[in-house]
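In what follows, a single structure is set out as structure tokens and then discussed.
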Amino acid sequence: DRSSLFQLIQEQLDPEQTGFIAVENFTSLAEHHELQLDPSKLEMLLALVQSNEHGHVCYQELIELLNSKRSSSFRRAIANGRRTLQREILLDETGLGVYKRFVRYVAYEILPCETDRRWYFHQNRLCPPPVFMAIITIVQIIVFMCYGVMLNKWVLQTYQPDFMKSPLVYHPGHRAQIWRFFSYMFMHVGLEQLGFNALLQLMIGVPLEMVHGILRISLLYMAGVVAGSLTVSITDMRAPVVGGSGGVYALCSAHLANVVMNWAGMKCPYKLLRMILALVCMSSEVGRAVWLRFSPPLPSSGPQPSFMAHLSGAVVGISMGLLILRSYEESLHKQCSWWVLIFSFITFLLFAIFWNIFAYELLGVQIPPPP
């Protein structure tokens, strides 16, 4: 088993516990060891040790690799080493089942490097499953259907006074109720907005969550949601907010920016056409939101939801999201740029909190009475 392999490596190849093993010794052990190792993992082990220019390999890196972890130095060794992996193209894999073909599809959709794609393909165990985006979408659909049945209205629900009375909607008159800065993502203007957001969340969010994990993608999505409502409270102070567009645009803009930054390495089919279609759809959705905000057919119903959440979500995606997607299996907390982004986001949060506490009264903003 794996523990006996660790013990064998340490006792025979590093008896003095220096932390390093000679390349020749480990290569001989890896090629003739009687324990059964995953062929793809053995292949990567040999690529690591034979690409080392110093004649030795770090024992800790071997342990991390055998435990399905990789350090940035290992990735650089594979990329820059003299040895290349034998099967260079994951698309050459044959005889795959339906699930494994889907995993390969996700790898080519999200990752720009063939080594990363192969690593993800061989290490994927569907644990944990991509449940965050699925749960968010299901809850949004359930909430929309409940209000649709209750109001007997499936489009432009914001023109229905009872809709705006919901405890989930963000309204400037209720900004002291902190949960509204999050919960508005479960409410939608109508069937068209819900359908657009749900489609993008599932098509882009689920593959991203499968590759980068629930913690990173949920952080990115929720950062877009919070930034959306806070931006509206600063820039469009009389408007309410509904819909999950802040989080959706954070995911989409991060993914599109990652594709552009790694254009040559991305092997997803029809990437230019698909990017153009995505930009057209996103722009159309923003245009619809702008029209709804400034040209409501029923002005007496009060200000309509703001479109600023879309734009702030896109900014979050391009800044924070792009770094997350470019740091596949690398620790974010070890990167200086990550802490710069976190500091900037916290600064924005503090500014927005003080703005919501003091600015409305100081500026004399006439807030429409809350429903």
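Cβ atoms are placed via backbone N, Cα and C, with glycine included.
Sequence-distant contacts of the transmembrane segment (131-150) (same chain, at least 6 residues past either end, Cβ-Cβ under 8 Å): 157, 162-163, 166, 168, 185-188, 191, 194, 197-198, 201-202, 205-206, 209, 214, 217-218, 221, 244, 247. What TrEMBL records for 131-150 (among others) is transmembrane segment.
Annotation source TrEMBL lists domain 'Peptidase S54 rhomboid' at 176-326.
Per TrEMBL, the feature transmembrane segment maps to 181-202 (among others).
Feature annotation from TrEMBL assigns transmembrane segment to 214-234 (among others).
Taken from TrEMBL, the feature active site, nucleophile applies to S245.
According to TrEMBL, the feature transmembrane segment maps to 246-264 (among others).
The transmembrane segment annotation in TrEMBL covers 276-294 (among others).
Away from its own ends, the transmembrane segment (306-325) comes close to residues 110, 208, 212, 216, 219-220, 223-225, 227-232, 235-236, 239-241, 243, 245-255, 257-258, 261, 282, 285-286, 289-290, 292-293, 332, 335, 337-338, 341, 344-345 of its chain (Cβ-Cβ under 8 Å, at least six residues beyond either end). Look at TrEMBL and you will find 306-325 (among others) tagged as transmembrane segment.
Around the Cβ of H310 (active site), 23 further Cβ atoms fall within 10 Å across all displayed protein chains. Among the features that TrEMBL reports, active site is placed at H310.
Outside the transmembrane segment (337-358) by six or more residues, the chain places 175, 223, 226-227, 230-231, 233-234, 319-320, 323, 327 with a CB less than 8 A from a CB of the stretch. Annotation source TrEMBL lists transmembrane segment at 337-358 (among others).
Within 10 Å of the C-beta of S245 (active site, nucleophile) there are 32 other C-beta atoms, taking all protein chains into account. Averaged across the domain 'Peptidase S54 rhomboid' (176-326), the predicted model reaches a pLDDT of 90. With respect to their backbone Cα atoms, H310 (active site) and S245 (active site, nucleophile) stand 6 Å from each other.
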